[in-house]
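Copied over from TrEMBL, here are the features:
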type	residues	note
DOMAIN	46-280	domain 'Radical SAM core'
BINDING	Tyr55, Gly112, Glu145, Ile329	S-adenosyl-L-methionine 1 binding site
BINDING	Cys61, Cys65, Cys68	[4Fe-4S] cluster binding site
BINDING	Phe67, Cys68, Gly69, Gly113, Thr114, Gln172, Arg184, Asp209, Ala243	S-adenosyl-L-methionine 2 binding site
Amino acid sequence: MIQIPSTQLIKKYDRPGPRYTSYPTAPEWTEAFGPAQYVEHLARANQQGGPLSIYVHLPFCREMCRFCGCNVVATHDRTRADAYLDVLEKEVALVAAKLPDRRAASQLHWGGGTPTFLDEKQLVRCHDILARHFTFTSDVEKAIEIDPAITTRSQIEVLAKLGFNRISMGVQDFDARVQEVVGRIQGEKETADLVQAARDNGFKGVNLDLIYGLPYQTPETWKKTLERILAIHPDRMAVFGFAYVPWSKPHQRLLPQEALPKTEQRVELFLSAVEAFTGAGYRLIGLDHFALESDELAVAQSGGYLYRNFQGYTVRPADDTVAFGMTSISDIGGAYAQNAHKLKDWEAKVGAGIIPVDRGASMSADDVMRRFTINRVMCLLRLDLREIAEKFGPEGRAAVEADLRAGVKELEDDGLVTFDGDVLKVTPLGQLLVRNVAMLFDAYLKKEGGKKQFSRTV
């Protein structure tokens, strides 16, 4: 069971830090990495073989939620999705041409935005665009993010016919005052009805997302939301800490800053979620996910094969991910590549026959080793230096061990980890602060200079 940290400990470790959905993290990516570099890494990936993961970014939302940290286009005009799909079709063809020998995919994920901003015909068209260039393995996992406030049973039925089998619904909070101030209104009944619709149509996994740290959240109102979530009985939950980054997302300035819970209150909210969900038979997975003990996430963590990517925790290994759409991020051939941030720039580049990558980073051997190390900590809450030596040689172990020994005593003294000379284990107390533990191995954080703009770790 996760332990409650003292106020002193919270203040000590509450600092800006990465969530480590990638390493190197996004601030290290540069515009020196463009279409030419991406094509080189696609060629490398083409030779490696094995199934791909595919991500599609569908950016449209009816409204901009004031807490949102995603890259979205707010509009009520659904015809804009048709124009977007026109460009997407061209982009998929451009990239697929660089992968002539690697067209099978074992994972498909549609994120946004709100993918179900697209109507039934548009959803089918989007899937058809991909299916013309890629095949899907027999055990493919097809996942989609939806907004219950605008999604219909008819759309769920269409998605099921397209083979989607996992669905993630953003709830954030059921409290009316919180919903009003963040600009995200949805009812408990419509959410429960869509969960049932997904199950009726054969979806094998239903995930609900919550956010703690939003304005006007209190322990009392949050407890009621948790009870309502448990009544719906999802297969998984993700409980994210609100990342208040108004310097990066200016629309967050619309939120009343004085109503944001303080750090100690945020911790109390998260711990109450841990208590409620683990008491109901869910396991805390890594940083912020919960799954039933029978769920494959929990089984994977126990078995040592849990992974982390831009969509969170997954049981699939970090195979190459090719991404399509504005701002989407590929992780392929030993590099990260991000598409143009602005819709018009993405459209213009694709229209000119140019793969629309704006920035990225090629991973060095040291980056690959540190990514593996950080993922072990973030996913399994442990790190075995003997495994590092086996995968990366004695030099790799020496580098990782040097970083570990430089900071492990303080973490041990504070009760966050144990270390026996070979194996580092994150304690129940340290699980809340696992980002801080992972930061030990981040070579870029040690460099002087360079502004890093991350959310706070608590």
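The first residue you see is number 1, and the count goes up from there.
Any Cβ shown, glycine's included, is placed from N, Cα and C.
Features as recorded by TrEMBL, highlighted on the structure.
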| residue | record | CB count, 10 Å |
| --- | --- | --- |
| Cys61 | [4Fe-4S] cluster binding site | 20 |
| Cys65 | [4Fe-4S] cluster binding site | 23 |
| Phe67 | S-adenosyl-L-methionine 2 binding site | 25 |
| Cys68 | [4Fe-4S] cluster binding site | 19 |
| Gly112 | S-adenosyl-L-methionine 1 binding site | 24 |
| Thr114 | S-adenosyl-L-methionine 2 binding site | 24 |
| Glu145 | S-adenosyl-L-methionine 1 binding site | 22 |
| Arg184 | S-adenosyl-L-methionine 2 binding site | 22 |
| Ala243 | S-adenosyl-L-methionine 2 binding site | 16 |
| Ile329 | S-adenosyl-L-methionine 1 binding site | 22 |
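Within 10 Å of the C-beta atom of Tyr55 (S-adenosyl-L-methionine 1 binding site) sit 22 other C-beta atoms, taking all shown protein chains into account.
Looking only at the binding-site residues Cys61, Thr114, Arg184, the one with its C-alpha closest to Ile329 (S-adenosyl-L-methionine 1 binding site) is Thr114. In this structure, Gly69 (S-adenosyl-L-methionine 2 binding site) belongs to neither helix nor strand by DSSP; it is coil.
Checked against Arg184 (S-adenosyl-L-methionine 2 binding site) by C-alpha proximity, the binding-site residues Tyr55, Cys61, Cys65, Cys68, Glu145 yield Cys65 as the nearest. Within the set Phe67, Cys68, Gly69, Gly113, Thr114, Gln172, Arg184, Asp209, Ala243 that the record links to S-adenosyl-L-methionine 2, no two Cα atoms are more than 19 Å apart, and one pair reaches that distance. Listed in sequence order, the binding-site residues near Glu145 (S-adenosyl-L-methionine 1 binding site) (C-alpha within 10 Å of its C-alpha) are Thr114, out of Cys61, Cys65, Cys68, Gly69, Thr114, Ala243. Only Gly112, Thr114, of the binding-site residues Tyr55, Phe67, Gly69, Gly112, Thr114, Ala243, have a C-alpha within 10 angstroms of the C-alpha of Cys61 ([4Fe-4S] cluster binding site).
Here the Cα atom of Gly112 (S-adenosyl-L-methionine 1 binding site) is found 12 Å from that of Cys65 ([4Fe-4S] cluster binding site). Other Cβ atoms within 10 Å of the Cβ of Gly69 (S-adenosyl-L-methionine 2 binding site) number 16 in total over all chains.
The subset of binding-site residues (Tyr55, Cys65, Cys68) lying with their Cα within 10 Å of the Cα of Ala243 (S-adenosyl-L-methionine 2 binding site) consists of Cys68, given in sequence order. In the predicted structure, the domain 'Radical SAM core' (46-280) carries a mean pLDDT of 95. Taking the mean position of the Cβ atoms of Tyr55, Gly112, Glu145, Ile329 as the S-adenosyl-L-methionine 1 site, the remaining same-chain residues with a Cβ inside 8 Å of that point are Val56, His57, Leu58, His109, Trp110, Gly111, Gly113, Phe310, Gln311, Ala323, Gly325, Ser328.
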